[in-house]
């Protein structure tokens, strides 16, 4: 039975995975295990060199140069140790991905649209990594600058398992775990690898079954079936779509998470099943855990967060969702999506505050 081809993200990453990315990830695993076995002290630099070589091989010298230039500019601006300036630099670098003339120039570097999109996705994710490193650099004192060198930035930015699509790990977590030297057991790592591969294969089979049998996305791309469906059927379609999204990211994040474990790192938790969620807040906290930690650490808390006044909380939450919408592409539908999520979180937290009042609790 032919598969539903309308889910671009799944088709795109599965095609790239089969062609090259899985082989490059296998190469990373080999380099990682050999370096842990023989030269544990130099593991970050071995993985950095491998990540740079993989980037060059997949994106070409021009794509490699774009990422290196982004990292260099971010590091240079971070030397001023001004968070506002760092954020301004990050937003400007991110905005260059939306300039039509720059887009056309980059498209000419490659033979296919898929290759250009790989560069686009990779640079978008690298922008978050550069921002994380630069802000940590701004916040740490002179005594800690040795662990925030340009070499460490390159080791972080070019770490291959998280290179193209995430998940996101903040620099402070990455550097602490990467510098930690632990006892290496090939037998233990082999058992982790086998169990992890079995789990990911199960999730992949489940996603492929959904793609081949359910045609959720094809139904959503055609108006007549939706107009003819009952409200119960529409609700079922919506649930099926978010469940597929969940299974898809178990695979897309599960592969790099397994490699992080093999490298002796603790990856961000995999997405929580959407059927177990009943709130906007929990959805944001437990679906993309790495992105949530980034947003809380670098936007929500610095802007005041829940510790500020009501207006301050509303503003910091709005700014967080505005950045998410802009980072995802900034199209009009993404602004609507961000605004609705912001409204959902605000209403939910507002109701919680009202219900926490002792008078209301007594009435209940």
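Yeah, the Cβs are placed from backbone N, Cα and C, and that goes for glycine too.
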Key: Which range of 310-328, 329-347 is transmembrane segment, per TrEMBL   = 310-328
Inquiry  = Are there residues at least six beyond either end of the transmembrane segment (190-211) with Cβ under 8 Å to its Cβ atoms? List them, or say none.
reply    = 3-4, 7, 10, 29, 240, 243-244, 247-248, 250-251, 254-255, 258, 261-262
